[in-house]
Amino acid sequence: MSLYRKRLKIIKGEGIYVWDDQGRRYVDLIAGIGVAILGHNHPEWVEGIREQLNKLVIAGPMFNHEEKEEMLEELSKFVNFEYLYMGNSGTEAVEAALKFARLYTGRKEIIAMVNAFHGRTMGALSATWKPKYKKDFEPLVPGFKHIPFNDVEAAKEAISKETAAVIVEPIQGESGVIPAKKEFMKALRDLTEDVGALLIVDEVQTGLRTGKFLAVEHYKIEPDIVTMGKGIGNGIPVGLTLTNFDVERGKHGSTFGGNPLACKAVAITLRILRKERLIEKAKNKFIQIDADEVVTTRGKGLMIGIVFKTTIGKYVEELQNRGYLVHTAGQRVMRLLPPLIISKETMQDVKLAIEGVINDLRGGEN
């Protein structure tokens, strides 16, 4: 259950920091696995949520409310998709995307990627790759197949007029922060268009974090469906499924999706991101780790994967001892998903801390 041999009990957060029950402060480079995009207790966000709690929390999906209108207005400043479905998590956003693709095309086949991660509900889990997540829940949803990530020839062979959709992460997070190649993303777009299939881009982890609102913008292609979650609500559970086509009303739904509190959380989060230009600034906060034990540093902006030659348990532990919380993506990749409010200077401190730990532990046992 824990990354750490000694599991922390976190009791409060402020900005980029969290504190444990012993009063120790840590730089939080996990941010709830990429969720606390504005950091902890951002004053403007907290005040807006407090006001909403005192006003209206739930209304039901059959009603409109001003918080939804406010959210849509803010969202329209970043993207121009025509339709939006709101759920309560990233995996729900993916479930909706898969259902919409089958509804719209009338086809059943979904093509996903080797080493993909899209969530743990049954449809999203069927698109996810790792057997360890899936084996105890089989049989899963039929109609899914996986092709090697970044393999154009495999995509050409797999995508056909039987395909409803291809689903892909612009950067595979869970498998080690591996960016898609430009030629691969372009091929997916061209191949799906050629056969009338849809392209679903899963931005649950990459969204907001890479220097652009959507990481797919780096590839200069336009997907048919985009899924978002994690940081879009800054801690309030939200999932968004964005499309340029409509589906028949009543074919999918959510009791809590689109509630006033969630809509307000998204609206405030987007407004702060826009006013403080945090998404744009993220592209200049990427750090490169220079150490013999490191093979490479991957990712974009504030989605960073540091690939080690050996397993990284001892480095994760020692960084915690020195006041830095980091995540992992496999046994040899250290993953950083800090709040976007972190400064460039602090990211340089993080770089020095990681390099210092590597240097001090050089030659020790994992």
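Cβ coordinates are placed from backbone N, Cα and C, and glycine is handled just like the others.
Noted in Swiss-Prot for the protein shown:
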BINDING   G90, T91, F117, D202, E203, V204, Q205, T255  pyridoxal 5'-phosphate binding site
BINDING   R120, S254  substrate binding site
MOD_RES   K230  N6-(pyridoxal phosphate)lysine
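Considering only the recorded positions R120, K230, S254, the residues lying within 10 A of Q205 (pyridoxal 5'-phosphate binding site) on a C-alpha to C-alpha basis are K230. Just so you know, the Cβ of T91 (pyridoxal 5'-phosphate binding site) picks up 23 other Cβ atoms within 10 Å once every protein chain is counted. Taking the Cα of the residue listed as 'N6-(pyridoxal phosphate)lysine' as the reference point, the closest of the binding-site residues G90, T91, D202, E203, T255 is G90. Reported as a whole number, the C-alpha separation between F117 (pyridoxal 5'-phosphate binding site) and S254 (substrate binding site) equals 23 Å. Local packing around the recorded positions R120, K230 was summarised as the count of other Cβ atoms within 10 Å of each Cβ; on this measure the leading residue is K230. With respect to their backbone Cα atoms, S254 (substrate binding site) and G90 (pyridoxal 5'-phosphate binding site) stand 14 Å from each other. Neighbour density for V204 (pyridoxal 5'-phosphate binding site): within 10 A of its CB lie 26 other CB atoms from the protein chains shown. The Cβ of D202 (pyridoxal 5'-phosphate binding site) lies under 8 Å from the Cβ of G90, V94, A97, A116, H118, I167, V168, E169, T227, each of which sits 6+ residues away along the same chain. Here the binding-site residues are S254, T255, and the one whose Cβ sees the fewest other Cβ atoms within 10 Å is T255. When the binding-site residues T91, E203, V204, T255 are ranked by how far their Cα is from the Cα of R120 (substrate binding site), T91 comes first.
Annotation for E203 (pyridoxal 5'-phosphate binding site): spatial neighbours E169, P170, L214, A215, V216, V226, T227, M228, criterion Cβ-Cβ under 8 Å with sequence separation of six or more.
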